[in-house]
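To keep things clear, I will list the structure first and then write my remarks on it.
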Amino acid sequence: MSQQQLSLPAKLINGGIAGIVGVTCVFPIDLAKTRLQNQRIGQQAYKSMMDCLVKTVRSEGYFGMYRGAAVNLTLVTPEKAIKLAANDLFRHHLAKDGWVKGLTVFKEMLAGCGAGMCQVIVTTPMEMLKIQLQDAGRLAAQQQKPVMVSPTKLAATNTVLSRSYNSGTAVSAPRAVSATRIATDLLRTQGIQGLYKGLGATLMRDVPFSVVYFPLFANLNRLGKPSPDESSPFYWAFLSGCVAGSTAAVAVNPCDVVKTRLQSLNKGASEESYNGVMDCVNKILRKEGPSAFLKGAGCRALVIAPLFGIAQVMYFVGVGEYILDNFPSSFMSV
């Protein structure tokens, strides 16, 4: 019973550490993904992921690639912890003979579905705030000539971000913009639902992702086990996480494009607004064609693959179990 009690805190710690390490490693690629997905035909500031990263460093400096990272690093711990722990919890309750045996592929998919539905509580506001900060540089680039960047680039970026979230009109004086400022403005003008704009699209992305990822990882990881009673090597767990993560990421990329467009509060010149998921899908199809739904797919695969590979290695190594075994009093006193 004590082992069972230690299980959930250990999984939460493992998921949190994996999220922080993974986000730190791949966040610049995630920023490129957001900016590529928000580009419209005829308004492309970036030609590819590398072009986006190079132009971002030139115009905003090295740390410009980590714009919005603070939001992710703050909220990725509960987000990844909820996702991974919820999946294990659902698998445990759906299994007949313990954690591994008795799970059909359908039940594995059901457990993944439950995990995806749980995580959007944190994912939606996290993505909402992150996207505003990530997309600021693209909007600023539309206001200036992309070739040469003036020393006042930060003020220009802040001016773009400082538009009114309701009317879309620019305010007279630029102000420093942060995730806290955006969240405060949204709560004041739109209430809690402002932070959960795009919830439906987030569910459309995260639930199918989890339905694909978790069963695929479990079955790939099972292939690397020397015997049914032994664990697979840590490198096999890492590779299984990478393959399953990238496959699921590409599969749900159209939903991610829709979510990104819906959650982008600030629009560039002549960029249309959307009145929901179906309106967004119809306008993208009509104006940009089906290929627009694959924008940023390569970037997203490169982001998700190591993120979930690292997560599975954290589980394999048992960092959470080590911390709980060696510092139990710290967690018992909380």
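A Cβ is built for glycine as well, from the same backbone N, Cα and C atoms used for every other residue.
Because TrEMBL annotations are produced automatically, they should be read as predictions rather than curated entries.
What TrEMBL records for this protein:
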type	residues	note
REPEAT	6-93	repeat 'Solcar'
REPEAT	103-223	repeat 'Solcar'
REPEAT	232-321	repeat 'Solcar'
TRANSMEM	12-32	transmembrane segment
TRANSMEM	301-324	transmembrane segment
**Request:** Looking only at the repeat 'Solcar' (103-223), report the model's average pLDDT.
**Result:** 76
**Complete:** Given the transmembrane segment (301-324), its same-chain partners at Cβ distance under 8 Å and 6+ residues beyond its ends are 6, 9-15, 17-19, 21-23, 25-26, 29-30, 33, 49, 80, 84, 213, 217, 221, 231, 234, 237-246, 248-250, 331
**Message:** Looking only at the repeat 'Solcar' (232-321), how are its residues distributed among DSSP helix, strand and coil?
**Reply:** 70 helix, 0 strand, 20 coil
**Prompt:** For the repeat 'Solcar' (6-93), what does DSSP give as the number of helix, strand and coil residues?
**Reply:** 74 helix, 0 strand, 14 coil
